[in-house]
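Enquirer: Pulled from Swiss-Prot, these are the listed features:
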- 3: active site (ACT_SITE)
- 23, 25, 83: Mg(2+) binding site (BINDING)
- 39: active site, nucleophile (ACT_SITE)
- 43-49: disulfide bond (DISULFID)
- 45-188: disulfide bond (DISULFID)
């Protein structure tokens, strides 16, 4: 996953470096409208924190990059994680944010269900208390007459909360399936793999809530190897070419590969 892809030109930049997925930050205005693709200061070491685009305009650019037949089409780009910056919202605005997010995606990305972008979408929420965002989102797509698009949508709570607490939040939100579990920290700091291994164990238990596990932000070859050895399904990185190099090493080239559009992001991979 290419990290912090917040300008339209960066979509091509990261995919051309080897990414099959991108992560994009979404900020909200005071009325819970998705406003900009913007991270802000501070952000990862070695990156510009200030790139941004109007959210709806970014969605249109993303749609072009993920619609077969479009001149901007990137066939390798199959998944987009929206890092929802809901920290600016009150808890009671979460549901409204979900409703507005659904309407924006439906209109500007999915083209109202008429040959829109094909990428899978993961809604990544930093606060467990904002679980109503999920129901606001799913209910709105159903009310707008497009429940089939929920097959393209997954969920993540990104706050590094205890795995058991995350499971409870999903239960409240009515989610069973399509769950990606993130774990990580900015590349400026070190973080061990203890919680990653706990999430992988939940994924592989047969009765856990997790379908996929990803780790962020992974920029070094040694960290990439450690994450792959821990059994993650994906890593988020500022340097997709570094990840590609490690995946081509003798220890990994016959064990892991980049996912393609034919691989379901919601089905747990069985070894």
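Each Cβ is built from the backbone N, Cα and C atoms, and glycine gets one as well.
Here the structure is a predicted model, which means the values were calculated and not measured.
So that I understand the layout, could you describe where these features sit and how close they are to other parts?
Expert: Residue 3 (active site) falls within neither a helix nor a strand when secondary structure is assigned with DSSP, and so counts as coil. Annotation for residue 3 (active site): spatial neighbours 23, 44, 47, 216, 217, 236, 237, 238, criterion Cβ-Cβ under 8 Å with sequence separation of six or more.
Annotation for residue 25 (Mg(2+) binding site): same-chain Cβ neighbours under 8 Å, separated by at least 6 residues, are 4, 6, 37, 38, 39, 82, 83, 85.
Counted within 10 Å of its Cβ, the other Cβ atoms near residue 39 (active site, nucleophile) come to 24, all protein chains included.
Counting every protein chain shown, the Cβ of residue 49 (disulfide bond) has 15 other Cβ atoms within 10 Å.
DSSP gives residue 45 (disulfide bond) a coil state; it is part of no helix or strand.
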Enquirer: Under 8 Å between C-beta atoms and at least six apart in sequence, can you list the same-chain neighbours of residue 43 (disulfide bond), or say none if there are none?
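Expert: Residue 43 (disulfide bond) has long-range Cβ partners 4, 49, 186.
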Enquirer: In the same chain, outside 23, 25, 83, whose C-beta lies within 8 angstroms of the Cβ mean position for the Mg(2+) site?
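Expert: For the Mg(2+) site the neighbour list reads 3, 4, 5, 6, 24, 26, 39, 81, 82, 85, 124.
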Enquirer: For residue 45 (disulfide bond), list the number of other Cβ atoms lying within 10 Å of its Cβ atom.
Expert: 12
